[in-house]
Amino acid sequence: WYWQKEKRAPYVKFMEANYPPGFSYEDFGPLFTAEFFDSNQWADILKASGAKYVVLTSKHHEGFTLWGSKYSWNWNAVDVGPKRDLVAELATSVRNRTDLHFGLYHSLFEWFNPLFLEDATNVFKTRKFPTSKSLPELYELVTKYQPEIIWSDGDGNAPDTYWNSTGFLAWLYNDSPVRDTVVTNDRWGVGSICMHGGFYTCSDRYNPGHLLPHKWENCMTIDKKSWGYRRNAQLDDYLTIEDLVKQLVETVSCGGNLLMNIGPTHDGRIAVIFEERLKQMGAWLKVNGEAIYGTKPWRAQNDTVTPEVWYTFSPKEGKVNAIFLNWPVSGTLELGEPQAKLGETQVKLVGYEELLKWVALGEKGIIIALPQLTPHQLPCQWGWTLQLTDVN
């Protein structure tokens, strides 16, 4: 897009300097080799991250499908490049080795598809592209791979009537093989984002910081600058594990899910830095998962007195979880929101055995004495959870 459509100078110059004259985007097809792609290894990394679902980009805006789609002749991973059905391989490994829900991202439009460009010229009064390409692909994906999440994207500035989104979704929820399990997002045509859908995405890297009335998802990237893999990325371009835990905690306390993007390499690897971040997230969730999984938003999302404290509620146990991202130097943590009850309220640091001592502050608020622990004795790094039982 930057090179061919916007013709941004750095991209045009890079292509001129590093590729033969007349090199086209299509010529990248055979260079996508995936020789190191091991779907079992991917599944193991995904499982270790503590994630509950995974969404693979089955086709992005340039139209190349990662499965042998009969509607994308000679522009798919089975005909060109890897000569493998990458969607099938990952679906099989995820289902055999993990309990993650398997999802697929699919772009409705394609930047340079002549049929789409023709429809766009006709102000979407004609529907050649959705009827011959986009919709048949979606039906094929669902029937063949039975994904439990359909993550639609790329409306191409066309309305949902052009895409016949409602027709497809009616089939998906009533007659498709995944009708009882499938979940969808909100990107089904101009005006549908943040308005219609199973869960709202609203925008990329969406993190409102307050409670929303509808289920939503913060879809963001570990590489601050890209959704793909960048060979020229610097260490500073990647979010730290502290950044990622903060994103997770803020998102979940406001009723959202976190979808963290990693860009694999042309030869099929998850870069080691991404693997490390995912495994760190998994290590944190092993300790603090009770404050994340199966929780609901509490009456307050973050604390009024101490910044960087976020709340979630575990309905089954009736516990309020206060996740704090900075360990106080004083050794005491003041919370302005919980109303403690003398002789009833209990405070526990997740991953630490003994109950903690606390003092109530008038009508509302509580001061908690944290245990004096060496870094080695801490239950985890990057953020800690206090579980409060019997609070108003």
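Residue positions begin at 1 at the first shown residue.
Even glycines carry a Cβ here, placed using N, Cα and C.
Annotated in TrEMBL:
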DOMAIN    1-290  domain 'Glycoside hydrolase family 29 N-terminal'
DOMAIN    301-389  domain 'Alpha-L-fucosidase C-terminal'
SITE      CYS219  site 'May be important for catalysis'
DSSP residue counts for the domain 'Alpha-L-fucosidase C-terminal' (301-389), split into helix, strand and coil = 0 helix, 36 strand, 53 coil
Average the per-residue pLDDT over the domain 'Glycoside hydrolase family 29 N-terminal' (1-290) and send me the rounded value.
-> 97
